[in-house]
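Below is one structure, written out as structure tokens; the observations come after it.
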Amino acid sequence: MRPLLRGPAGNDDEESSDSTPLLPSARQIEAAPACCSARYNLALLAFCGFFVLYALRVNLSVALVDMVDSNSTLTDNRTSKECAEHSAPVKVHHNHTGKKYQWDAETQGWILGSFFYGYIVTQIPGGYMASRIGGKLLLGLGILGTAVFTLFTPLAADLGVVALIVLRALEGLGEGVTFPAMHAMWSSWAPPLERSKLLTISYAGAQLGTVISLPLSGIICYYMNWTYVFYLFGLVGIVWFILWMWIVSDTPETHKTISHYEKEYIVSSLKNQLSSQKVVPWVSILKSLPLWAIVVAHFSYNWTFYTLLTLLPTYMKEILRFNVQENGFLSALPYFGCWLCMIVCGQAADYLRVKWNFSTISVRRIFSLIGMVGPAVFLVAAGFIGCDYSLAVAFLTISTTLGGFASSGFSINHLDIAPSYAGILLGITNTFATIPGMIGPIIAKSLTPDNTIKEWQTVFCIAAAINVFGAIFFTLFAKGEVQNWALSDHHGHGN
């Protein structure tokens with residue numbers, strides 16, 4: 001039996017208003033089949049897009065190892081001696097045809113960090129533009145631009161460090177519009193009782209892109225040379241763009257092949273949630289406490305996420321003393337767990353709402369708590385386990401895996417409170433959530449001058465404390481119903 005779209009119960013308490021969907025009670029429409037549907041085709045193509053997006057983002061971190069002349073790098077060996085050496089000797093690379101550069105550690109840090117300085121700039125403009133011109137073109141151009149710039153990475157490296165830093169910042173500008181644009185598209189495509197499933201499918205591509213691109217980039221460097229990392233991923237991005245522009249539409253109403261029943265199902269399920277206002281209510285948005293609950297949660301979650309994304313390979317190498325080949329696999333393993341968790345949680349969250357009548361806010365709170373407190377606990381445990389390599393890797397993997405719960409929590413709450421402005425809201429929250437990527441690793445490095453286990457325990461404890469604070473703040477102040485300022489006067493008065 002397919003779920004029916006039920007009407008509101010008629011009372012005004014929070015639990016009732018949170019238990020979407022919002023259709024007039026006089027009309028009940030069965031959910032359109034998922035198989036081969038336009039909305040799930042959109043989710044799968046978006047999945048591929050975010051797969052490519054994250055492959056384009058993280059490939060430099062692997063290629064940089066081959067780009068730098070290790071004999072000339074002006075850095076000391078910071079490998080800790082607290083844990084015993086246990087890795088097998090590293091196999092010598094087959095290929096050394098790629099050009100080498102004499103960049104010290106500080107220069108490499110600027111190259112890797114320059115992406116975020118572009119990424120943070122286009123978050124809010126991206127959300128605003130998506131609400132005006134639609135997310136399809138904006139998301140497509142964002143990934144296309146990043147792919148094209150990626151193709152020019154070898155040329156920029158030859159021109160010098162400044163050129164490469166500028167190029168990476170431009171890639172960040174392109175990627176900055178993508179998540180707000182996707183959120184804006186889902187505001188027109190995702191029925192309330194399918195939001196968790198559809199959004200987690202699409203955004204899970206980012207995790208799998210990280211999992212695949214990290215070891216694949218290493219393989220490409222090993223058997224070919226580092227330039228092909230950028231050429232191959234860049235070309236894949238261009239192919240994806242062509243498919244995206246050919247298949248996808250901004251709304252169900254403009255889709256060429258969608259069935260009449262599916263279009264009616266989607267449009268009807270959203271009709272009392274979308275605003276007809278032309279002017280963005282910026283003051284009301286910025287005064288909204290539920291929005292700031294998402295901001296705090298997003299910032300807190302990303303502090304841990306970016307700390308691990310950028311420093312986990314360092315911890316694996318310098319503290320746990322895994323070799324380069326083991327490091328690539330073990331650093332990708334946690335993100336594979338997170339990818340699986342995101343897919344399962346998307347199904348589970350909507351199942352709780354449909355079958356068990358959980359309210360929207362209850363689901364968002366539960367999944368956010370598990371997805372933020374759980375990682376905090378296991379991150380601290382990983383720090384205090386010392387040199388037990390197996391347990392340390394297991395705890396770090398569990399920590400990142402549990403973070404996948406948050407994908408059905410605060411991560412999609414923008415669509416619950418203001419579907420018409422979801423792209424703008426995500427732009428706002430992701431602007432704040434990008435800051436940890438810029439300062440978190442710097443703070444972590446400053447806290448580990450001697451690279452001891454005790455210093456890393458401090459890094460992990462700070463990240464865990466920030467995560468727990470964000471989870472508590474979101475639980476206290478988040479909402480699950482569409483806010484009054486996000487509705488037109490017509491809908492706001494219930495007519």
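From the backbone N, Cα and C atoms, a Cβ is placed for every residue, glycine too.
Look at Swiss-Prot and you will find N71 (among others) tagged as N-linked glycosylation site, backed by sequence analysis.
Taken from Swiss-Prot, the feature N-linked glycosylation site applies to N77 (among others), supported by sequence analysis.
Per Swiss-Prot, the feature N-linked glycosylation site maps to N95 (among others).
Residues or ranges marked as region 'Disordered' in Swiss-Prot: 1-22.
For 1-41 (among others), the entry in Swiss-Prot reads topological domain 'Cytoplasmic', with the evidence type a curator's inference.
The topological domain 'Lumenal' feature in Swiss-Prot is assigned to 66-109 (among others); the stated evidence is a curator's inference.
Taken residue by residue, the topological domain 'Cytoplasmic' (131-136) breaks down under DSSP into 5 helix, 0 strand, 1 coil. Sequence annotations record features per position, and here Swiss-Prot assigns topological domain 'Cytoplasmic' to 131-136 (among others).
Residues 99, 103, 107, 110-111 of the same chain, all 6+ positions outside the topological domain 'Lumenal' (158-162), place their C-beta atoms under 8 angstroms from a C-beta of that stretch. Sequence annotations record features per position, and here Swiss-Prot assigns topological domain 'Lumenal' to 158-162 (among others) based on a curator's inference.
Within the same chain, residues 3, 5, 20-22, 31, 39, 42-43, 250-252, 265-266, 269-270, 273-274, 345-347, 349-350, 353-354, 360, 363, 408, 412, 415-416, 419-420, 422-423 sit at least 6 positions outside the topological domain 'Cytoplasmic' (187-197) and bring their C-beta atoms closer than 8 Å to a C-beta of that stretch. The topological domain 'Cytoplasmic' feature in Swiss-Prot is assigned to 187-197 (among others).
The average pLDDT computed over the topological domain 'Lumenal' (221-225) stands at 85. Positions annotated as topological domain 'Lumenal' by Swiss-Prot, on the basis of a curator's inference: 221-225 (among others).
Per Swiss-Prot, topological domain 'Cytoplasmic' is recorded for 248-290 (among others).
Positions annotated as topological domain 'Lumenal' by Swiss-Prot, on the basis of a curator's inference: 313-331 (among others).
Under the heading topological domain 'Cytoplasmic', Swiss-Prot lists 355-365 (among others).
The annotation topological domain 'Lumenal' is assigned in Swiss-Prot to 386-390 (among others) on the grounds of a curator's inference. DSSP places the residues of the topological domain 'Lumenal' (386-390) in helix, strand and coil in these numbers: 2 helix, 0 strand, 3 coil.
Among the features that Swiss-Prot reports, topological domain 'Cytoplasmic' is placed at 413-423 (among others).
Feature annotation from Swiss-Prot assigns topological domain 'Lumenal' to 445-455 (among others).
Using a Cβ-Cβ cut-off under 8 Å and counting only residues 6 or more beyond its ends in the same chain, the transmembrane segment (110-130) has close neighbours at 57, 60-61, 64, 103, 138-139, 142, 161, 164-166, 168-181, 183-185, 280, 310, 421, 423-428, 430-431, 434-435, 437-438, 441. Counting C-beta pairs under 8 angstroms (sequence separation of 6 or more), the transmembrane segment (226-247) reaches the transmembrane segment (137-157) with 3 or more such pairs. Taking DSSP states H, G and I as helix and E and B as strand, the topological domain 'Lumenal' (445-455) has 5 helix, 0 strand, 6 coil.
Counted as Cβ pairs under 8 Å, contacts with the transmembrane segment (42-65) are highest for 198-220 among 163-186, 198-220, 424-444, 456-478. Looking at which of 137-157, 163-186, 198-220, 332-354, 391-412 has the most CB pairs under 8 Å to the transmembrane segment (291-312), the answer is the stretch 391-412. Within its own chain, the transmembrane segment (391-412) has Cβ neighbours under 8 Å at 195-196, 199-200, 203-204, 207, 293-294, 297-298, 301, 304-305, 308, 312, 316, 320, 330, 333-335, 337-342, 344-346, 348-349, 363-372, 374-379, 381-382, 385, 474, 478, counting only residues six or more beyond its boundaries.
Distant neighbours of the transmembrane segment (163-186): 42, 46, 49-50, 53, 56-57, 60, 110-111, 114-127, 129-131, 134-136, 138-139, 141-146, 149-150, 152-153, 156-157, 195, 198-199, 202-203, 250, 414-415, 422-427, 430; these residues of the same chain sit at least 6 beyond its ends, with a Cβ under 8 Å from one of its Cβ atoms.
According to DSSP, the topological domain 'Lumenal' (221-225) comprises 3 helix, 0 strand, 2 coil.
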